[in-house]
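See structure below.
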Amino acid sequence: MSKVEQRYQAAKERYAAIGVDTDHALEKLKGVKISVHCWQGDDVKGFMNPDGELTGGIMATGNYPGAARTPKELRADLEKAFSLIPGKHKLNLHAIYVDTDEKVDLNEIEPKHFAPWVEWAREQGLGLDFNPTFFSHPMFKDNYTLASPDKEVRDFWVEHGKRTRKIAEYFGRELGQTSINNFWVPDGMKDNPIDRFTPRKRLMEALDEIFAEKLDEKYTREAVESKLFGLGAEAYTVGSHEFYMGYGITRGKLICLDAGHFHPTEMISGKLSSLALFGKGMMLHVSRPVRWDSDHVVLMDDELVEIGRELVRNDLLPHTHIGLDFFDATINRVAAWVVGTRNTQKAFLKAFLEPTAELKKLELENDFTSRMVITEELKDFPYSDVWNYFCEINSVPVGFDWFKEVKSYEKNVLLKR
Ligand code: RNT
Ligand code: ZN
């Protein structure tokens, strides 16, 4: 028996004593698929423009060496990251990540421009999710895309949106896993608008136009992602939380909550139970806000743990698509993926290792003392011994060992770019 397994057996006994079956928790964890975002690998540049500058709507900062410059490099980096993450997952692509020799614009993309991704995903046993790219483009005009007062601008982006649906449908059909196509639209204003209403009406109508054609939900489903404010849209974001709550519920779309898109003290964990009652399903962008900014690497903080608990305790995982969304260009990008993904998995494991039924019973009996004592004692339980065993049985490195591999990949591959 390996050391890791010995420790697992000891942990198993301790959890069994409070009515938790660790083997069952590991089974459950295995079923949790994370949609890993491609854009941490190259600071959201994509491969559509040769210089790939972020020119509006979104911003990444930092210049750590080794960013992927081609689809091939990005896939190599992703393979490295996935080899250090237990389980089988999905890759989340953005429209700017075309893989083709043809010069194509966002309003011209077709499934064939993504064929190498599909081939690779099939080989790797990964599903593919997708996102239209409503930023970093000359048609992002005066901070607007779909909400623009200029019909020519709107039409360009409507066409783009429609095309991404066909591409997501193609991913779903080819790979046999529903491809979630997530719409995030940065449109907004730097300073106080006079008219908040009309841009929202235009956004609603443009989205309706994009979604007019019915596609088979077996292959693709759409999500809509809100935001409170962003760089250059400090005073007003057209696609706010209320906007997309209404839109998603009335149009049967998944509602995407990004953990970094709310007021600094407003947490998405508290919203899941309500959304689950009224919406058609949820998508998460697991991320981390820091003061006014979002998109930091996911760390094991209280909110992450709470997100895991909410989804597990209320059995919401079947209705929730878990995606990651962060891009830090000041650190090793493969390490960023591994830390963020493994942390997200660990948060679910912590939740699976809770005696939930017992805690719910105590709560119903108004025994709030026991509720507090158990949840606090549980924080010191050896969940990491269970996690390490999960890594071992899934043939990925345990503990710091994964970082050694990233370091040598950095030395042998990334620093040579
Ligand atoms: C931006 C949104 C959005 C993007 C990606 C790249 O604030 O969170 O999800 O991060 O589309
Ligand atoms: Zn997001």
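Glycine too: its Cβ is placed from the backbone N, Cα and C atoms.
Given the structure is predicted, the values throughout are model-derived calculations rather than measurements.
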Annotated companion of ASP293, ASP295 at the Mn(2+) site, TrEMBL, chosen from HIS241, HIS261, HIS263, HIS321: HIS261
Nonlocal neighbours by CB distance (under 8 Å) for ASP293 (Mn(2+) binding site), same chain, sequence gap 6 or more: GLY260
Chain-internal residues, separated by at least six, CB under 8 A from HIS261 (Mn(2+) binding site): GLU225, SER226, LYS227, LEU228, HIS241, HIS285, PRO289, SER294
Extra residues within 8 Å (Cβ to Cβ centroid of HIS261, ASP293, ASP295), Mn(2+): GLY230, ASP258, GLY260, SER287, PRO289, SER294, HIS296
ASP293 (Mn(2+) binding site) in three-state DSSP notation: strand
